[in-house]
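What TrEMBL says about this protein:
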type	residues	note
TRANSMEM	20-40	transmembrane segment
TRANSMEM	60-79	transmembrane segment
TRANSMEM	100-117	transmembrane segment
TRANSMEM	123-145	transmembrane segment
TRANSMEM	152-171	transmembrane segment
TRANSMEM	183-202	transmembrane segment
Amino acid sequence: MTSAPTTTRPAGRAPVPRRAAEPGGLLVGLSLLVVTAFWVGNGGVQQGAAGGWTTVGAAGRLAGLWSADLLLVQTLLLARIPVVVRAFGAGQVLAWRHWAATRSLALLAAHLVLVLAERGWPAGPGMLFAAGGAAVLATVAVAALRTVRRHALDLYACFGVTLALPHQLWAGGDFTGSAVAHAYWWGLYVLSVGGVLAYRVVRPAWRSRRALAGRLGQYR
């Protein structure tokens with residue numbers, strides 16, 4: 001008699017209990033509500049109700065804000081901050097990262113279509129920079145969605161955090177419309193990029209240097 005084969009779940013991918021996973025989803029939802037409030041405070045509802053191309057442009061602005069917010073959330077998750085990974089598990093963090101990336105890509109596409117439909121070909125340094133950045137992001141986006149590879153989505157985040165913020169600074173009234181909005185976007189940007197630099201660049205380099213020093217010390 002043969003025993004039934006047992007399956008071993010990959011390390012770091014154990015499912016997280018629903019009670020533990022819910023706070024992460026609530027925080028992402030809260031961040032989307034915050035940026036929606038910035039849109040409302042900057043006349044988004046009035047413009048959305050105006051009709052015609054004004055409504056199209058208002059919807060494009062909101063899609064762009066949601067896309068940028070999820071992009072920064074993805075970048076923050078890309079940092080693999082130890083306290084977050086320990087709390088929710090590597091598998092859950094990876095799933096959230098993939099979810100944020102794919103939704104951000106879809107919202108970016110909607111933003112581009114709606115804004116270009118309202119304004120036509122972009123003019124001015126901010127929109128020209130955004131158009132060039134969008135072309136690069138679109139290339140990475142196609143690769144990411146066709147291959148569904150994690151590294152392609154991470155590449156999207158790296159390009160996005162470099163290109164999205166200048167676009168918001170130059171062309172986004174929802175970004176600079178209030179001191180609170182300005183502080184929120186800069187805070188999330190610094191936290192996301194700083195986390196990646198600290199935990200994906202500086203920390204591994206420091207560990208490698210320490211390990212190399214230890215090996216060299218054995219031969220002295």
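The backbone N, Cα and C atoms fix where each Cβ goes, and this holds for glycine too.
Contact check: the transmembrane segment (100-117) against the transmembrane segment (183-202) gives fewer than three Cβ pairs closer than 8 Å, residues 6 or more apart, which falls short of the contact criterion. Outside the transmembrane segment (183-202), and at least 6 residues removed from its termini, the chain residues within Cβ reach (under 8 Å) are 31, 34-35, 38, 68-69, 72-73, 75-76, 78-82, 161, 165, 168, 175.
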